[in-house]
Amino acid sequence: MAKRKLTQNQTRRIQSNNAKTLHRHKKKDIEWSDEMLGESQEGVVVTRYSIHADVENEQGEIYRCNLRRTLSSLVVGDKVVWRKGNEQLQGVSGVIEAIHPRENEISRPDYYDGLKPIAANIDRIIIVSAVLPTLSLNIIDRYLVVCEIAGITPLIVLNKVDLLAQEQRQEIEDQLKIYQDIGYEILMISAKSGENMEKLTALLAQGTAIFVGQSGVGKSSLINHILPSVNAQVGDVSETSGLGQHTTTSSRLYHLPQGGNLIDSPGIREFGLWHLDAEQITKGYREFQYVLGTCKFRDCKHLSDPGCALREAVEQGKISPVRYDSYHRLIESLSETKSQRHFSLV
């Protein structure tokens, strides 16, 4: 008799219980006492694994560390206080004891575990899009909402422009003008031909940046161009879905030769925003801010409501109708996703 196939929830519970068991086992095996540890020192998390993290000290040396049980979360980019062990235990060299307050963080929503932090202390988010299979302004808008809410400067990068004919390129430049008009910086590049790669490298030298974007847009190819020694695995775009295969398994922080840091994180196929409410989404559209609060009614939905200042600004040509429509599609998808998520948890 064939075994009954496990449901997705059952599979997740089994995996979760297995991970917790392994976690408890590891903690029992490695118990650090004060006598086994050196003085406290500063460090930065450069890679986070399930129960360990790689920490870089002020001299640029990297050590694999355990986490104190009191630490609730730890992500790449976190500035930490840690102690080096007098000797290695099972390949582990020390313990992370505290996390400094974060300047900012970006998170992605997890349908079962709530918000899952990805990285912290970021100066710039590089939103990577590609011309194939199609340019999605909706995906760009989702990332821009995240940037605005987190207070992190975005850079919109359009990769693989070498695949465009001149007429196609002009059409895409026209599409992207709505972002330039409201102050967003755009860079059209090609990791293959090298177009504008020097400009991207110069921008990356200004602090800590993170690449975000769907799989298959060329993030790994860009990293290989910027940091050839890293040799990030490149994934092909699926012919059926138009999406690339996930090629990065753990987020990691790299130091760039010209200065600055780059965080590479696993591709996110759908950057969900269901953890945000409509008011937060609205604040994620920077060009809306000067009219917010001036509508006739406080509960204005910015649709056909009488006296809607936002809609009037669109009609007067002060706000792009493309961005206005994108905003409402995002609000609608937010409601649909929340109801689906609620249903899946019942």
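Note: Cβ is positioned from N, Cα and C throughout, glycine not excepted.
If you look up Swiss-Prot, you'll see ASN159, LYS160, VAL161, ASP162, GLY213, GLN214, SER215, GLY216, VAL217, GLY218, LYS219, SER220, SER221 marked as GTP binding site. Within 10 Å of the C-beta atom of VAL161 (GTP binding site) sit 20 other C-beta atoms, taking all shown protein chains into account.
DSSP classifies CYS295 (Zn(2+) binding site) as coil under the three-state reduction. Listed in sequence order, HIS302, ASP305, GLY307, CYS308, ALA309, LEU310 are the same-chain residues six or more apart from CYS295 (Zn(2+) binding site) with CB atoms under 8 A from its CB. Taken from Swiss-Prot, the feature Zn(2+) binding site applies to CYS295, CYS300, HIS302, CYS308, supported by sequence analysis.
Marked as compositional bias 'Polar residues' by Swiss-Prot: 7-20.
Look at Swiss-Prot and you will find 103-271 tagged as domain 'CP-type G', backed by sequence analysis.
The region 'Disordered' annotation in Swiss-Prot covers 1-26.
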Number of Cβ atoms other than its own within 10 Å, given for SER221 (GTP binding site): 18
Arithmetic mean of per-residue pLDDT over the domain 'CP-type G' (103-271): 81
DSSP-derived class (H/G/I helix, E/B strand, else coil) of CYS308 (Zn(2+) binding site): coil
CYS300 (Zn(2+) binding site) and LYS219 (GTP binding site), Cα-Cα, nearest whole angstrom: 40
Length of the line joining the Cα atoms of VAL217 (GTP binding site) and CYS300 (Zn(2+) binding site), in Å: 37
Nearest-integer angstrom distance between the alpha carbons (Cα) of SER215 (GTP binding site) and CYS300 (Zn(2+) binding site): 37
Which same-chain residues, if any, lie at least 6 apart from ASN159 (GTP binding site) yet have Cβ under 8 Å of it: VAL128, SER129, ALA130, VAL131, ILE189, SER190, ALA191, VAL217, GLY218, SER221, LEU222
